[in-house]
Ligand code: HEM
């Protein structure tokens, strides 16, 4: 009975992970198609080639580099076999890559003609800044605690629920920030560049927003759902402790 429930729980986790991968793949395909097929929408005022590259790089780095990779890093503990320290190192490395992409992605926005002073007037930019600061602080804490050994283990156990909460909150905030970025960009295109509300570009951007919402649901659900291993242990423990002597 216990092994039946454990195997059904691990198969539902497998389904969740597959759905998260499929939605991640759709997100990547949509943002790349937008950047390649409609790159004239990213042309800055200056119309320079360099400016265009920076403008296209921002959504690509934020969506693929920051959101997709940090989602993968969250899922590492759910599927990667091997020791805890291996899982922790892969988790830390992937989060490091996501953080670097996020910082680089925001940096691209400072390459425009107006520099830093003209920025940070939108809800999107404020949310983005809070998000990257939280992410950076969380990564630093994770990095420092990774090297702690011995009696610090008790502190780590106490800090873990906070690490999970702040991690998932920041991930959710990143997705919400990307949604505001998409909305801001699309509103700008529809009001200033004659992009129609029903044209393929608007559809791609809307579908991208929807797939991001779907992806974040899958990743967060997979992250909080019980692991088959711990469930099996719990069930076996309950069974053996309730058996008559
Ligand atoms: C996790 C995802 C994202 C984060 C953390 C983020 C962060 C930021 C930050 C901090 C800025 C401010 C820099 C400035 O004011 O020049 C900014 C600007 C901008 N972002 Fe994003 N971004 C994300 C995703 C996106 C996406 C998907 C788009 C879609 C095209 C986008 C479009 C823009 C635009 C148009 C600006 C310039 C206007 C403004 O400052 O609001 N962003 N982003």
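Residue numbers in this text run from 1 along the chain shown.
Each Cβ is built from the backbone N, Cα and C atoms, and glycine gets one as well.
Those TrEMBL annotations? Automatic predictions, nothing curated.
Some features that TrEMBL has for this protein:
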- 12-36: transmembrane segment (TRANSMEM)
- 19-224: domain 'Cytochrome b561' (DOMAIN)
- 56-77: transmembrane segment (TRANSMEM)
- 89-107: transmembrane segment (TRANSMEM)
- 127-147: transmembrane segment (TRANSMEM)
- 159-183: transmembrane segment (TRANSMEM)
- 203-224: transmembrane segment (TRANSMEM)
Tertiary contacts of the transmembrane segment (203-224) (same chain, 6+ residues out, Cβ under 8 Å): 13, 16-17, 19-20, 23-24, 26-27, 30-31, 33-34, 37-38, 63, 67-68, 71, 74-75, 77-78, 164, 168, 171-172, 175, 178-179, 182-183, 185-186
Folded-back contacts onto the transmembrane segment (56-77), same chain, C-beta under 8 angstroms, at least six residues removed: 17, 20, 24, 27-28, 31-32, 34-35, 39, 42, 87, 90-91, 94-95, 97-102, 104-106, 108-109, 128, 135, 167-168, 171, 174-175, 177-178, 181-182, 185, 208, 212, 215-216, 219, 222-223
